[in-house]
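A.B. asks: Mind having a look at this structure? Questions to follow.
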Amino acid sequence: MLTNGKRRVSYYYDPDVGNYYYSQGHPMKPHRMRMTHALIAAYGMFKHMAVQRPPRATERDITRFHSDSYINFLKSASPEKVWDMNSSIRKFNVCEDCPVFDGLWEFCQISAGGSLAAASELNSGRADIAINWSGGLHHAKMSEASGFCYVNDCVLGILELLKCHTRVLYADIDIHHGDGVEEAFYTTDRVMTCSFHKFGDYFPGTGDIGDIGYGPGKYYSLNIPLHDGMDDDSHREIFDAVMTKVMEWYQPGAVVLQGGADSLSGDRLGCFNLTIAGHSHCIDFFKKYNVPILMLGGGGYTIRNVARCWAYETSRALNLEIQEDIPYNEYLEYYGPEFRIHIHPSNMENRNTREYIENIKAKTFEGLRHLPPVPSVPFQDTPSSYTGLDRLHEKELDEEETKYADVRETLRQKERRTEHPCEFEDSDEEDLGALPSVRKNRKLIQMMEKVRPEGENEQSKLKMEAETFAE
């Protein structure tokens, strides 16, 4: 059921995003977006929000931030040409973490296009919250790939929001420091960046509490370095305390929330202990301020938990109460053996002591004291809005797309869809060693068949609805 305070939500998803595959054994799996989308569909959230396929960002769109030479490299790079591009590969930091894979440029266009379209929708006033789970790739630099990220859609989305908003707040709850976004806005007061991250001997090695900005941007970069084992209560305490002060002093016109799910308990590359409820608290916090919110994805490498998290956070954006048991969808077996939306924290030690948290808060508040209340900008002509949405709305739908406009994926799109055979290989199962046996478990099949105990006709009807969502 809907709770009070319903807000208009736009959701952006390109069904081709799950087709791309970094490399054998690579922890970043774009297929997690397809799993997220299927789970959102299974919960019936589509009827409560505007679901749109964003236009792909053009070269001109992306070079608002990235250099021409870097983008030209991404456009031309392919696995077949790797050995002929050694100098460029070193120059642009395309390596094991950021490999050249088939469709690299198209993948970047999808990620950036979603964030640009979402930001433009917020600027237009047609939405209060816009979601692009394919975005949040916060490590990419102006002329360099980094940390599985090639194009920094966060920066592009913020630049679009700055066309209509005097000040934009960027909040990052990924376990890794949002270094690419901080670097882009390190010398301006029009964007405040605030990152809650693991600090120390951990990628990317930046984000010390003393990194506060430079020149006009001094004190407009906030870094909250945290230790292993961060749990819900500690995270909520420090997040609420810092963000409350920021919202009071800075009064942003829009908020960009990078919701990397690698800060969840049990992530393959993470070392925090947040539950999905604790992670999603950050969305509930910003909703209280009634400002436009751009919600982006980011890291997350235990992909079944990534899908759980982002689907649940979509429901929080919609103010929907969803059931604990995961409904039937094409990836249902992957959520076994519990088949529930929420996860339990582990028993790892929280090394963020009370003394440490109080010390971090005190240092952060001291820096905020130097901020002028509500910095402003002079009057100027508003730059033209992102034209991608206009291209999208002007596009004529063909007969099949019109006929199946209310279906998540048309037959033609489904036939064109691919899944790399290594996406779910046993050697890369994220500590889910029982998965092969789960897939063969007859009890699971019986559970999927048993939709409702209210007669054969009702069972058949509900099962058909579930299969429709899955397709």
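Numbering starts at 1 and runs along the chain as displayed.
Glycine too: its Cβ is placed from the backbone N, Cα and C atoms.
Annotation source TrEMBL lists domain 'Histone deacetylase' at 26-315. The active site, proton acceptor annotation in TrEMBL covers H139. As annotated by TrEMBL, divalent metal cation binding site applies to D174, H176, D262. If you look up TrEMBL, you'll see 410-471 marked as region 'Disordered'. Among the features that TrEMBL reports, compositional bias 'Basic and acidic residues' is placed at 410-423, 449-471.
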A.B. asks: For H176 (divalent metal cation binding site), list the number of other Cβ atoms lying within 10 Å of its Cβ atom.
C.D. replies: 27
A.B. asks: If I take the Cα of H139 (active site, proton acceptor) as reference, which of the binding-site residues D174, H176, D262 has the closest Cα?
C.D. replies: H176
A.B. asks: For D262 (divalent metal cation binding site), list the number of other Cβ atoms lying within 10 Å of its Cβ atom.
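C.D. replies: Neighbour count, Cβ to Cβ under the 10 Å cut-off: 24.
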A.B. asks: Relative to the Cβ position of the residue listed as 'active site, proton acceptor', how many further Cβ atoms are located within 10 Å?
C.D. replies: 27
